[in-house]
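The structure appears below as structure tokens.
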């Protein structure tokens, strides 16, 4: 069947058709099977047989084979060239977007408060005003109040309703607050007689005059109307101003000054001895008679010493306090009115509180600087001291208003019922007054003299000289003899010129040859043994006696202020005439006292006049002193006798050796035979500060109200408030008995770094002996309260005596500098201390854009000032050198502290920075009471603060009190808006605590302008220029502000033009900085520096992160650079505040204590070491100016703590810390972290040995057999080699201090970062490596690097792992590639875009960086380039490093532009060859700029109008041809610098910019790559010379907050390791 026949016709029958179809289908299948079988069995085999029978012959000659081989090589070349060698082109990732600005809390999602237990403080306030909430917000000014105290005040709460336009006098002792409505506060104008009710009529178009009243403030709902000082007077009714001597001594003083009526100041002292009444008349302070009108009748004549007369004086002097409105006519006016010109007082009581003050036309101006010698107040009507000055203050309702008032009777009752709580309220009020009113008047209102007149008056008031017998009996000669031999011993080593001086020896026949040293008087470096007495001695019984005769003092030579002339008339027992007239004595004064080196000294004396502040061992190399970071004063003095513990605990306070001194154990037979100078000095200080209070008829009232101790008698060492191992000088070996100062003082010493005052609103809680005992905080010791002060005083004095130091200061030494925290109180034994107001330059605070007047000093006030007594006591203070000599000519002398006076009284007790400089006018011997000891006195004896409050009440001018009444203390919650853009500018603000951010919104984008930290001012420019708000300001965290009304500023400016001058300086500085930013090309809208960071939260991403270890190392790094730091974790806070610290009842306690920590430390670290949902973790986040998110780099996903951080909606700046075990980062690993966290502002890589990051399981990949065999062979070879290498211990190399990562973070927190900018210049940039080596040799840390062109290449290599050797090696490899002519020729192409393809250039850069990202670099790095698509400069901080380094090095014409997401990038030098602005925007203050592109060749070039390249080419071989034509590369290079020359000039003029031009201009841009070693050597030499020059000139940046303290960190650390066991 060869073929299938045609099927028959079915004739229309379907069945037949179907059968035919089936049959034919089977036939077709069978036919296909036949065909397939025949093909497989016959067709294919036959075809194969035929193919094998054919034969093919190919014949190729050599040319053909050569061409074929060349073609194969060419194909292989193109395959490798464009497939293998261009793999770098595949490394393309777009740069990460810039970090999102901190969003406002209102933009975030609602807070899940139910799940986290967080109240959303940023929710909109309800329209329903809660009466109680407004009242509570008002009384928060008093700090934390216990329940009984709060209930006591609430019982007396009253309300007053005022209709719109109604007035109310509020100048009494009541406490007023606005519950609802708005009230205007008016004060009577001293220049016109005021009517009782102010009206709104204006008499002048320039100044609103409300019928003789000033508008001070406008208070809305929740604000307070009362001045705090009007309330202080209620608590100080029974306090006397000064110590009163015995009646016999009074009579002696009266006889002494009987014939000297012109000495008004002296008579005032006599009257103050006769009475505790404040003599507030102008005669007591020397006011010139300006008008024949009679003086107020309270100015009395010299009265007798009888008690009735004292009572009359006490009652009659009230009116003078309020009716004498003092006149301002100068700084210090001389005394001119004799006492006899006054009239005797009339024995009448004071007027009622509601009466208006009578204004005398003769004394209607503001107070004079010299008119502040005030004394005490009456016993009953004491409220009129503070209120008299404020009397007549009127509140007028602008709308229907409801006021809440606590009457004066409530505070009186509170004083008697809860004396301890009253003392706490006084302390809070004083603290707020010093931090708010004093700071505002001093820094912003230019009223420093108004405060200084109070200080000068206080100085006169607290003068209590030593007994005259001390001076007449040879005590001063003996004191000098004790100091002098030690100075001569040192002089024999250091001062060879004085070695042979005959006057340098002290006569052996001095007082101390006969009188042995008291065992409790341990002067510095005294001999260990003192001979027995050979002659009669002075007994201690003469301590309290007053001299019967006086030594009249001659004025000092030189300029003395008018006050000095007045004070010369004050009797002083402290000046030795021998010291003033004897040349030998003057020589002894001038000799520097330096601690001798003795073979008996086995360790450092704790009080060796602080010679050891230099941290250098003595000449024998045996001892040195290591001060702690916050030491406020001097150490405990001893004579190195073997009576202390042999172990020297370096963690203890330098004021103690860890064991108290027992006077009974040393020379008991001589105890009563020697004059105890320390005890005498301490007694005088105790009288001056009010620690001694005499018992009178109302002693029981005093004991109940003011002398009650502030520590409960229930305190026991077993209390939870006792931290373990809290060895203090007050406990020592007697731990079993209760300490003298109670458990709170142990808490103060619980940490060696905690020397601050436990104050603020938390004082009450810190004193709880049992945190769960609610009544313990307001209880008191019955024995102490009823038994008077004698026993308590004796115990306190016995303990405090050990802390008194006797110091010698050379003439010209600076004891305290303006703007620094006072180290303590100085009692002048002999000599004079001068208080002067330093000249404030308007350019002194231009450095910090956020700085306010005086804030520049404040940065160093936390560290350096505490150690100043150590240096200045020996004249070794380096800070007084040339700067002091130049500035002393401009300083304005204010007053002189004479023997018996106290310097630093106000600043020490108020815990404020000093407003003046205190210098030694002559060689001085002073008694020094350290600041921490004063704090303990304050804690134990509130009478000291009450006395200060009483004195301030009587001495402060009405202007300061009116300012205090007008200032408003305001509190903002986190996220709350202070004011919005477009609001009316009615007030400006000062930040007390917290942080705020200013921003503007444009096109739905938020642009952060700046951030405000502690002591920064907000909005004053808008107020002065009378424009609407130009920005929106909101609180980053809970913040405390001072609101200064514009009305107050206007009122003060009229009377005090210096206030306007002060503000004009402030505004001029702001405008000047703004113009400077504009001239320097600063990009608008970018945030300014944020150096003023106070609180830092250390938050781990997960529970496994070692935040405690990280924070501990960070704290040590902060203190090593000189920044005092408070370390707070949950355990420390609970030990201080009790177990209820984080409960709702303890919220105010925690807030007050944390605010106090911020006030006393440069930086506060909040360590979140508790579970995520705990209250402490939430507190850490809420309190932070900056949040450091610490992670170990194991999992880039968000951790539980980070989720909590986002849920709290905090708007604080957030930065990421990635911990690594070694100094290397896996390429690309950082990008995953940053991409998941767009809210991170910046990140840091930190090396923390011991961090174990578990390796992720890698999916198994089956290698080919050949690769597996090769790996097996490699392992075998490595195993065999290890046998011959031996066992070596694994030692991790210790990083040098300038490469410490924790120090880098610390410098960032303190705003002390050092940046490095490396400029472009082709091959000349090889010299950058030499500069880097010079920086390492000088130990200069580098915290950030920026580069342009070749500078980005070298800087990027160094920033990668900070390895100088690797940087030099890879740069040399790149130079070899660029110097190879063959590589350049192989890359040449048709010059349409450029002469080369750029491939070889790309390969050279890629071989140096490979696939590393910029964010993987160990040090923050950026490179700049020029975007020719959009004609702008680009700054690259993320992305593949090789690409953006290549973009920054793209020289147009030689290389094609780099395409990055459609943008064409070329060399950054076309825009800015030394880009410093990106570093400035990151808050880096000191920037070292290395410029290698400067072209100094400006010689004229003349070569005609046309140039033949061939002619120049052939003339290259002509030795006599001088080429004057620039090559293309040189022209292109110069073209780069033409565009950036203006920017370079701005860089040179930028403050904080250290510019160096490398002398490498003789090298070509490309040809210099062949001379690598030569260029690098030139850079190293130039770098060394420049850094050495800067160091000699004092311009070398070190990154230290405190130069003196931080420079010794390395030496201290090394020596401690060598001397440890």
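First residue shown is number 1, and so on along the chain.
Every residue, even glycine, has its Cβ placed from backbone N, Cα and C.
Swiss-Prot has this to say about the protein:
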TOPO_DOM  1-12  topological domain 'Cytoplasmic'
TOPO_DOM  34-59  topological domain 'Lumenal'
TOPO_DOM  81-1621  topological domain 'Cytoplasmic'
REGION    188-209  region 'Disordered'
COMPBIAS  195-209  compositional bias 'Low complexity'
REGION    250-379  region 'Disordered'
COMPBIAS  348-361  compositional bias 'Low complexity'
REGION    545-566  region 'Disordered'
REGION    648-667  region 'Disordered'
REGION    711-735  region 'Disordered'
REGION    772-791  region 'Disordered'
BINDING   788-907  nucleoside 3',5'-cyclic phosphate 1 binding site
COMPBIAS  839-867  compositional bias 'Polar residues'
REGION    839-870  region 'Disordered'
MOTIF     1320-1325  motif 'GXGXXG'
ACT_SITE  1467  active site, proton acceptor
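Geometry remark: residue 818 (nucleoside 3',5'-cyclic phosphate 1 binding site) versus residue 1467 (active site, proton acceptor), CA distance 49 Å. Counting neighbouring Cβ atoms within 10 Å of each of the binding-site residues (833, 893), the lowest count belongs to 893. When secondary structure is read from DSSP and collapsed to three states, residue 803 (nucleoside 3',5'-cyclic phosphate 1 binding site) falls in the helix class. Residue counts for the topological domain 'Cytoplasmic' (1-12) under DSSP (helix as H, G, I; strand as E, B; rest coil) come to 0 helix, 0 strand, 12 coil. If you take the Cα of residue 833 (nucleoside 3',5'-cyclic phosphate 1 binding site) and the Cα of residue 1467 (active site, proton acceptor), they are about 62 angstrom apart, rounded to a whole number. For the pair formed by the residue listed as 'active site, proton acceptor' and residue 893 (nucleoside 3',5'-cyclic phosphate 1 binding site), distance between Cα atoms is given as 58 Å, rounded to the nearest Å. Mapped onto three states, the DSSP output places residue 818 (nucleoside 3',5'-cyclic phosphate 1 binding site) in coil. Long-range Cβ contacts of the topological domain 'Lumenal' (34-59) within its own chain (Cβ-Cβ under 8 Å, at least 6 residues beyond either end) are absent. The number of other CB atoms found within 10 A of the CB of residue 818 (nucleoside 3',5'-cyclic phosphate 1 binding site), across every protein chain shown, is 21.
The average pLDDT computed for the topological domain 'Lumenal' (34-59) is 90. Sorting each residue of the motif 'GXGXXG' (1320-1325) by its DSSP state yields 4 helix, 0 strand, 2 coil. Taken through DSSP, the topological domain 'Lumenal' (34-59) splits into 20 helix, 0 strand, 6 coil. For residue 1467 (active site, proton acceptor), other Cβ atoms within 10 Å of its Cβ number 28. Within 10 Å of the C-beta of residue 803 (nucleoside 3',5'-cyclic phosphate 1 binding site) we count 27 further C-beta atoms, all protein chains included. Taking Cβ pairs closer than 8 Å, the topological domain 'Cytoplasmic' (1-12) reaches residues 20-21, 24, 27-28, 31 in its own chain, all 6 or more past its ends. DSSP assigns residue 1467 (active site, proton acceptor) to a strand.
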